[in-house]
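*Asks:* Below are the features listed in TrEMBL for this protein:
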- 19-269: domain 'Cation efflux protein transmembrane' (DOMAIN)
- 276-320: domain 'Cation efflux protein cytoplasmic' (DOMAIN)
- 17-36: transmembrane segment (TRANSMEM)
- 48-67: transmembrane segment (TRANSMEM)
- 88-107: transmembrane segment (TRANSMEM)
- 119-140: transmembrane segment (TRANSMEM)
- 204-231: transmembrane segment (TRANSMEM)
- 243-261: transmembrane segment (TRANSMEM)
């Protein structure tokens, strides 16, 4: 994704969040007023859900604005790339706390049932809320489901591969490092299904907002049903509909918030992507000619779409010329896995003189770093 495209995508995200935030603030004022006027717990619970949404939307909006900055304070070498992930995690945390609060209030209302005044007002507010949520969902839904290309530019990898190819083709190196014939069709990444290869690169900031909106829409439907029961029936038990709907609302909030919390925390804890098995990656790398061992292999998410990797590789070559074709194949394997940035620490075999006569032999267990300083294994 070019810088212009990334900037346009971020600007669109800010506009969408701003629209949803404006709608939520306006409706919250109306709903909380009617909720306290009528005494409907379902309406009050939904209103405080909206208040929580407003806070969450502000977090998502601020996180998005921060993620647009190309650089952060001193020490923030990745700038604010994870700002939206942090926002999504707090978003989910607030939802879980809110759901617990509504759940406890619903239980209390079952014990001490209270009458609801003007159930028709409750129904009207529920219908208005549902309509506004549908509009907000349409605004956010398309963008949150776009599979964004990595915001961590691919250019460094492309330039690195170009450098490797250019170096391998240069007259000074030509003939000293023959290209490797690696059959990548036998690697595990070649046998992955399209579903496994296509990571769900949805924006977690907007995904958190979408979870809120879907939960709000379901809440509104519950409010409408409860209001209809209290309005149209004359049973003395009709007011149980209010805490019953509130209880269902709390459970639905739990169901939406917990997966979001798990997904965002997985990124924050730098777990490997679900569709990439580090052990299978290691097996693929070990099949490349010249590779002796792979160690300190790490795979993790920087953001939901940026996957990083780093590892040490011990190779049976003695210099940069022999290393270049191996490096090219190693990077190709990671590119096929969808890894956007790779840091490789090669360890070379070296020739040392242990006889004192000038003759050289391979040192037992000695390896060499890229600058060819001997590092005892």
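Backbone N, Cα and C define each Cβ position, glycine as well.
Annotations in TrEMBL come from automatic prediction, not curation.
What you are looking at is a predicted structure, and each value in this text was computed from that prediction instead of being measured.
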*Asks:* May I ask whether the transmembrane segment (48-67) has at least three C-beta pairs under 8 Å with the transmembrane segment (88-107), counting pairs 6 or more apart in sequence?
*Replies:* yes
*Asks:* Considering pairs 6 or more residues apart, do the transmembrane segment (17-36) and the transmembrane segment (243-261) have at least three CB pairs under 8 Å?
*Replies:* no
*Asks:* Who are the chain neighbours of the transmembrane segment (48-67) in space, where the CB to CB distance is under 8 Å and they lie at least 6 residues beyond its ends?
*Replies:* 10, 13-14, 17-18, 20-21, 24-25, 27-28, 31-32, 80-81, 83-84, 86-88, 90-91, 94-95, 98, 101-102, 151, 205-206, 208-209, 212-213, 215-216, 219, 249, 253
